Amino acid sequence: MSTPQLPNLLDSLGTGRGRGRRRGRGRGGLGENHEDNQEKKDRVVQKTDEDASVSRMSAVEMGYLDDPFARAFIYDPPIPRRYPIINRGTYVRTAAIDTLVNKFLAADRGAQKQIISLGAGSDTRYFRIISKDPTVKLVYHELDFPTNVAQKISAIQHTPSLLAVIRSTLSTPSDLQITAHALTSPTYNIHPLDLRTLAIDPSTSAPPPLPTLPHLSTGAPTLLLSECCLIYLSPHDADSILATLATSLIPPSTPLALILYEPIRPHDPFGRVMISNLAARGIHLQTLQKYSSLSRQRARLRSAGFVDGQAAADVDFIWGRWVGEAEKERVAGLEMLDELEEWVLLARHYCVAWGWRDGVGEGGGLFGTAWEGVVGQEGNDEGEGID
Amino acid sequence: MSDLDKAIAQLRACRPIPEAQVRELCYKARELLIEEGNVVGVDAPVTICGDIHGQFHDLMELFRVGGDVPDTNYLFMGDFVDRGFYSLESFLLLLCLKVRYPDRITLIRGNHESRQITTVYGFYDECLRKYGSANVWRYCCDVFDYLALGALVTGASTKLEATGAGFAESYPQNSMPADDLDIEIEILNSNGDIMNRFPRSQPQAPSTPKPEPSSSPILGTPARTGPAGTGASGSSSGSLSNDGGAVLCVHGGLSPLIDTVDKIRLLDRKQEVPHEGAMCDLLWSDPDEIDGWGLSPRGAGFLFGADIVKHFNHKNDISLIARAHQLVMEGFKEMFDSTIVTVWSAPNYCYRCGNVAAILELGEDGSNGGYVARSNGDAGRKAEREPRGAPGRRYRVFEAAPQDSRGMPAKKPVADYFL
Ligand SMILES: C[S@@+](CC[C@H](N)C(=O)[O-])C[C@H]1O[C@@H](n2cnc3c(N)ncnc32)[C@H](O)[C@@H]1O
């Protein structure tokens, strides 16, 4: 596959192009103010990655997670220690997504697979997967803002062990192309991309051209990940990004699945305090009201085209039901939780949701088989979602 | 103004006092605490408070709602420190008040009053940050070792004296009981308005199902953490006395190694909280809807069921156990036919949980001309005994203090979330 470069997205970030709806605004005045504001807001969102990677590092240091790669993405040491309750939550979040991802990779093992991680930030999942099994047939794509991508690439360039992991998957070293702005290879790619450029209204008569993602496979069974990413986008953008991915970038005939990890239940006292505390930091959980419950998350997956299966579970449920007894004992033994009610409260406000479509022909039914037996949380919690 | 009063004034303004003064204070406090038994005797009236956790501004709100020391007689059931940003100021203020008014404030130990827990949950780091060394933390931990393990409140009345309070707007009009009814439970908001009342069920009357009291209409949402408040006790069996029986206060709960209050008195408490054993259990255990004893998911202490509580209370002539230790969204929660209550006094716990807080007021039984029937919780003193009516209970429910309201340092606390 040739590797046409992305339109120069770095240049597009600050000025001119960018989100369609910004185009056409005059210079100066309202327009520029709006852009300044937008940039400020984007910077806050970009910084959330630091929270995630610091939490990951804290959980690794305390023995919750085994992740030798986490430290490479700590840009601002020393890392503050997180409370045990946060460490446990980080553990469940990572373990839950790992469970679904590993089952996907294990199903129909010889077949080529693809993972696209939206707002991947400093996530280390690719390195963890490959270091465990360098032979896995997988092409991995990470999408994030150019700023985040540049930072990640720089960290990779300075960390021989990370480079070694990537190289272990390549037949020729020259397959790996690294610039300050992007990393591409037949197996691992980090694309600088404001996801909102994918929020294309299909009804527009002349839709802007889609960005091309080097090494994107249109035929391999593909897993989309949104680990605390789409929640920061407007409901409209979040929905149309999924639509673009599920129809234009990956054709409907290809088996496709999505795993979401994000907060839920905004209407009870904990949820309300969460919203206002984060708002005080400039963080807005934009899709939270619309996708406020497990039921609504399942419905969301269905209407986004993941018609062959949808399930969801909150972190409290996952800790109780997915984590084996021995592992639970190990994790509970790492640090003493002083307040269990607080844990349950916190854990009920985050969920993992997953859904899939089978596509047609070969590879059909892959996700259904892979995730058979993964228990979702049944029942309608719509009431909790809408108060 | 004495040095102590100056220290109190300074701490009330949420400003730490110098290290040398902390040292002296802790020394004096130890002298005082060493004289207290493991189970402190406290006379009603008393206001019982649960976890504070360094939420200094909310502690000030608690004093506003419950009255100031020494006007109000207070009993704090531990967990003064950790999690909040002002553990130091909160604990030192309470300690100053203890030294200044030893008979008007009782402090017992919580599971966070421990060297090990405070290094994980914030108090150690806070001392280091505020003083540049761990000395103050060490002084405080030495005091922790001397804190009593429990308290026994006697002389509480079954009758609730009227406060002259008005009714809150949210008060359910149709359920307002007639004034001469014997009120067992009254719930007030932070303005002192009555939000709800529950009459004592009459001795021989067939037990009529009571409305399930929801303690906190101010939460605005239905409780999600199980039944709020109480299933008010119908256990009054017509004792003519107004003596509400003794109330045992501990931070956590009971222990399988402790079947009488006297056994608590026999423990050697002057040590770091052990990982197991009776002392650990008293500070770590939780009541739960089980039969008998169960393993605690906390990794310390036990779970205990209604049968355990009822048996213990009967054997020790106790009408109610008051404990803290567990977050309850409504501020308080009575369980097991009102034989045990959890009181939680840290509103919006960790600046994140969205809960309200409560304190529990027990009135004084004046019916015997002020004579207080000393119930020392001695086991088996009276072989056959009428079970006593539980004391009348007035809960005052309050919300988190506005952070910037009192000209005190109001560093915006950052609560962690998963981002
Ligand atoms: C909270 S972090 C999560 C990072 C990672 N998924 C994890 O769980 O560790 C959110 C990430 O989404 C990215 N993100 C949010 N909005 C985005 C957008 N419009 N385009 C690209 N990336 C975005 C942010 O830059 C950030 O790296």
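Heads up, the Cβ atoms here are built off N, Cα and C, so glycines get one too.
Per TrEMBL, the features are as follows:
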{"type": "REGION", "residues": "A:1-52", "note": "region 'Disordered'"}
{"type": "COMPBIAS", "residues": "A:32-50", "note": "compositional bias 'Basic and acidic residues'"}
{"type": "BINDING", "residues": "A:Arg93, A:Gly119, A:Asp194, A:Leu195, A:Glu227", "note": "S-adenosyl-L-methionine binding site"}
Let me know the most crowded of the binding-site residues, choosing from A:Asp194, A:Glu227 and counting other Cβ atoms within 10 Å. A:Glu227
Interface-proximal binding-site residues, chain B, C-beta separation under 8 A, candidates A:Arg93, A:Gly119, A:Asp194, A:Leu195, A:Glu227: A:Arg93
For the compositional bias 'Basic and acidic residues' (A:32-50), what are the DSSP-based totals of helix, strand and coil residues? 19 helix, 0 strand, 0 coil
Filtered by Cβ under 8 Å and at least 6 apart in sequence, the residues in the chain of A:Arg93 (S-adenosyl-L-methionine binding site) near it are A:Glu227, A:Tyr261, A:Val315, A:Tyr350, A:Val352
A:Leu195 (S-adenosyl-L-methionine binding site): tally of other CB atoms within 10 A of its CB: 21
What three-state class does DSSP give A:Asp194 (S-adenosyl-L-methionine binding site)? coil
Note: in the chain of A:Gly119 (S-adenosyl-L-methionine binding site), residues six or more apart in sequence with C-beta under 8 angstroms of its C-beta are A:Asp49, A:Leu143, A:Asp144, A:Leu195, A:Ser226, A:Glu227, A:Cys228, A:Cys229, A:Leu230, A:Tyr232
